[in-house]
Amino acid sequence: MENINHKEQYAIDPRPTSPEVTDEKPVVRDGDAALDFLRGEAVAGEAEAIDERKLLRKIDWMVVPLMFACYLLQYLDKSLLNYAAVMGIREDLDLDTNQYANLSLLFYVAFFIFEIPHAYMMQRFPTAKYLGACVCCWGTVVTCTSAANSYASLAALRFLLGMFESAISPSLIVVTSMWYKRDEQPRRVGTWYIGVGCASIIGSLMSFGFQHYDGDNFSSWQIMFLVIGLITICVGVVVILLLPDNPMSSRLSHAEKVAAVERLRENQTGIENKHFKPSQVLQLAKDPQAWLLALITTAASIPNGAVGSFQSILISSFGFTDYETTLLQIPGGVIAVISVLTATNIAGKFNARGLNIIAWSAIGGILGGSLLAFLPNSNRSGKLAGNYLTHVVGAFLPCAYSFSAANHAGHTKKVSMNALLLMSFCLGNILGPLTFRTKDAPAYVPAKVTIVAVDSVAILSTVALLVYYRWQNTKRDRSMAGHDHKRDIEFSDLTDIENKEFRYKY
């Protein structure tokens, strides 16, 4: 997954050459788990012969496919309601437009509420095991959805689905940050994040297939929920059994574990600390970058909530049949995959996370939203193109995830920032469906205009964040001139603000 054009033998050098290293060790109390691991290891003797390229490939195959599967199922499972909308669920449960919108709202309300509890639990318990348990739980909820027979029962199940699925993104961000260098992270985040686009493709094809079921005992949407729910439970069990909790407890050889940990020194973000530190939460609350990222994520997520929940209804409103509506959602998934891979590869290669957010929000949100809002209803192809362009906006989120992973140090601060980021994502997805009001049907012009407005806010906020990062790095370069490097400060569980050697990626 990572292109390395030269053979690189990984040799451990605990003393970086620049700036000059001092022999004086900092007083580290309750540092990172990696520091405790390395203190008892013959670091240079065991890891110096490890080929980093081969190690990286081994890590990729060990963790990325499972993260991809989790994210694909997370998006697919929450999107099943979108496919069920043209499979008879609205008629079977007698749902009007407002009730349907409320089902999406309830999912994200639960998602929002449980982000903070998940952040705490992920720090207290083994991350991979906790993730796998949540996957099994939401798979059970999806399976039970096949038995929903009223608006009330479906609403309760959507709330439970949001509660368990809210663990997925912060967990995967933490897993990515504990295995990869900061320049490697955007591509890995992009690889598991394309599960969104793949889920759209798979979901559309599965929905199309299930629509041909004509049995008397069950509706086609019930069979769909049952089958996909059982698949999700099986994947959750595999995650519990195979996904490592961290490099130190993985299936790597002893020397590979040491090399996997040492190669992350340059991140200055540590790997893991299981003790919750309230002071780091307080520091996050005062950090300007946290709130700028929150604003960007909220603004750019509103189109996701609007178009994602109402895509079937939106395409159907262009005059297509139910079968055509289902199949016409496939190109949106393809566009999402291409845009995410393009954005994350550019971000990783050129260190351009912020510019990607600006570019994709502008292309997708503003242009796509404008086509949807202002083209005449007779121009079906143009409106359909606008709908597809809104899928490009999804490329902003893996860039935001990599901002969170790369630019927040201190484990408590890191998991808390992940929670804030996903709460912002939820807020946007809560507000998005509310822009689709029954009285605006079938054109929903106000909702489409909203897409243009909020993506403009996301672009301006991203510019402000880039200016802030550049200013911080310049200020630290000046203040640290002539200062010696303190050994092991990288694994001292200091925050990005406390560690003046830390530099922001943007």
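Using N, Cα and C of the backbone, Cβ positions are placed for all residues, glycine too.
Bear in mind that TrEMBL entries carry predicted annotations, made automatically and left uncurated.
What TrEMBL records for 1-10 is compositional bias 'Basic and acidic residues'.
Residues or ranges marked as region 'Disordered' in TrEMBL: 1-25.
Here TrEMBL flags 63-506 as domain 'Major facilitator superfamily (MFS) profile'.
Among residues of the same chain six or more beyond the transmembrane segment (100-118), those with a C-beta under 8 A of the stretch's C-beta atoms are 78, 81, 85, 90, 134, 154-155, 158-163, 165-167, 170-171, 305, 309-310, 419-420, 422-423, 425-427, 429-430, 433-434, 436. Sequence annotations record features per position, and here TrEMBL assigns transmembrane segment to 100-118 (among others).
Away from its own ends, the transmembrane segment (157-180) comes close to residues 59, 63, 67, 70-71, 74, 77-78, 81, 103-104, 106-115, 118-119, 121-122, 127-128, 130-131, 134-135, 137-138, 141-142, 144-145, 148, 188-189, 192, 243, 246-247, 260, 264, 267, 269, 271-272, 401, 404-406, 414-415, 418-419, 421-422, 425-426 of its chain (Cβ-Cβ under 8 Å, at least six residues beyond either end). The annotation transmembrane segment is assigned in TrEMBL to 157-180 (among others).
TrEMBL lists 192-211 (among others) with the feature transmembrane segment.
Residues annotated as transmembrane segment in TrEMBL: 223-243 (among others).
Look at TrEMBL and you will find 290-315 (among others) tagged as transmembrane segment.
TrEMBL lists 327-348 (among others) with the feature transmembrane segment.
Tertiary proximity for the transmembrane segment (355-376) is limited to same-chain residues at least six positions away from its ends with a CB under 8 Å from its CB atoms, namely 296, 300, 303, 314, 339, 343-344, 346-347, 382-383, 385-396, 399-400, 445, 448-452, 454-456, 458-459, 462-463, 466. Under the heading transmembrane segment, TrEMBL lists 355-376 (among others).
Within the same chain, residues 169, 173-174, 176-177, 182, 185-186, 189-190, 193, 196-197, 200, 267, 269, 293, 296-297, 300-301, 303-304, 307, 331-333, 335-336, 339-340, 342-344, 347, 353-354, 356-357, 360-361, 363-365, 367-369, 371-372, 414, 417-418, 421, 425, 451, 455, 458, 465, 504-506 sit at least 6 positions outside the transmembrane segment (388-406) and bring their C-beta atoms closer than 8 Å to a C-beta of that stretch. The transmembrane segment annotation in TrEMBL covers 388-406 (among others).
Residues or ranges marked as transmembrane segment in TrEMBL: 418-436 (among others). Packing against the transmembrane segment (418-436) from elsewhere in the chain are residues 97, 101, 104-105, 108-109, 111-112, 115-116, 118-119, 166, 169-170, 173-174, 284, 290, 293-295, 297-310, 313, 397, 400-401, 404, 444, 446-447, 450, 454: each is 6 or more residues past its ends and has a CB under 8 Å from a CB in it.
What TrEMBL records for 448-469 (among others) is transmembrane segment. Packing against the transmembrane segment (448-469) from elsewhere in the chain are residues 288-289, 292-293, 295-296, 299-300, 302-303, 306-307, 354-355, 357-358, 361-362, 364-366, 368-370, 372-373, 386, 390, 393, 396, 403, 407, 428, 435, 504-506: each is 6 or more residues past its ends and has a CB under 8 Å from a CB in it.
Two recorded stretches are said to be in contact when at least 3 C-beta pairs lie under 8 angstroms, sequence spacing 6 or more; the transmembrane segment (192-211) and the transmembrane segment (327-348) meet this definition. Sequence-distant contacts of the transmembrane segment (327-348) (same chain, at least 6 residues past either end, Cβ-Cβ under 8 Å): 183-187, 189-191, 193-194, 196-205, 208, 311-312, 315, 320, 355-356, 359-360, 364, 384, 387-389, 391-392, 394-396, 398-399, 402. In the predicted model, the domain 'Major facilitator superfamily (MFS) profile' (63-506) shows an average pLDDT of 87.
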